[in-house]
Ligand SMILES: Nc1nc(=O)c2c([nH]1)NC[C@@H]1CN(c3ccc(C(=O)N[C@@H](CCC(=O)O)C(=O)O)cc3)CN21
Ligand SMILES: CC(C)C(=O)C(=O)O
Ligand SMILES: [Mg+2]
């Protein structure tokens, strides 16, 4: 099966075929998502809160992100693997940005990187693209700015904010991004961006009109423990499935049911 590339995603937008992006943080999960035909595996910096137990995405380091990206890349035969650049790995200087972005391709086997922000990141994006690194943009609710936003809030609601977001989208497209992720923005705004841009857009709580849909895997599988954003649909309840297995195991051990003769060596 041939690899999903930036050209594949562009073709899908042209044909009106929706693309799918889910997060993955390890090898077995990457294999499952690949087998299910998910197009893009994002090693999100949501790694921080989802699998490393941090408060938010800010503490995630390049080393942590690369470590998980390598595992995902080893499990993905068809899907495009995208490394989500952590806070402070691309905002300092353009040289830092290119160097760190390059490490995803050179050391971790990713096919592209994602970074948050608009016009203020255009120079970094241009330099990465000139280096041969495909870049996914991310506008709207950009969680690395959570303290600036004062919480996880819907973005682009005022006319002014909406216009600014559309400008940022156009600037990023001109800088060379191959796709744009829109997080937590009104559906009509995401629709307008999708129409204005040639490149595919990906919706994470940005309504149904984008070229593709995005979710954090653990949220949609009911495995992220507790509250999930309103835009998440729960397609399974792994929490309950796992608790059931674990409590049954404990009970069977205590009752002498496990291990049975079939689990023992003569
Ligand atoms: N597990 C997980 N899922 C995510 O979707 C996710 C992460 N982690 N970490 C990074 C960011 C943070 N995200 C979030 C977190 C919370 C809301 C949230 O609670 N939003 C409110 C909207 C409030 C409003 O109306 O302005 C909601 O009720 O959905 C949204 C996105 C999305 N990303
Ligand atoms: C939720 C997506 C957009 C993300 O950036 C992440 O998982 O880190
Ligand atoms: Mg992220």
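The backbone N, Cα and C atoms fix where each Cβ goes, and this holds for glycine too.
Per TrEMBL, active site, proton acceptor is recorded for 183. Residues or ranges marked as Mg(2+) binding site in TrEMBL: 45, 84, 116. Here TrEMBL flags 45, 46, 84, 114 as 3-methyl-2-oxobutanoate binding site.
On the structure: features taken from TrEMBL.
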residue	record	DSSP (3 states)
45	Mg(2+) binding site	coil
84	Mg(2+) binding site	strand
114	3-methyl-2-oxobutanoate binding site	strand
183	active site, proton acceptor	strand
Binding-site residues near ligand 1 among 45, 46, 84, 116 (Cβ under 6 Å):
46
Using Cβ atoms only, which residues of the same chain lie under 8 Å from residue 183 (active site, proton acceptor) while being at least 6 residues apart in sequence?
138, 139, 140, 141, 142, 143, 155, 204, 205, 206, 214
To test your reading of the Mg(2+) site: which residues beyond 45, 84, 116, same chain only, put their Cβ within 8 Å of the Cβ centroid of those residues?
44, 46, 57, 60, 85, 86, 87, 114, 115, 138, 143, 144
Taking only the Cα atoms, work out how far residue 46 (3-methyl-2-oxobutanoate binding site) lies from residue 84 (Mg(2+) binding site), in Å, as a whole number.
9
Distance check, please: Cα of residue 114 (3-methyl-2-oxobutanoate binding site) against Cα of residue 45 (Mg(2+) binding site), rounded to an integer number of angstrom.
10
Measure from the Cβ of residue 84 (Mg(2+) binding site) and count the other Cβ atoms within 10 Å, all protein chains considered.
27
Neighbourhood of residue 45 (Mg(2+) binding site) by C-beta distance under 8 A, where only residues 6 or more apart in the same chain count:
57, 60, 65, 84, 85, 86, 87, 143, 144
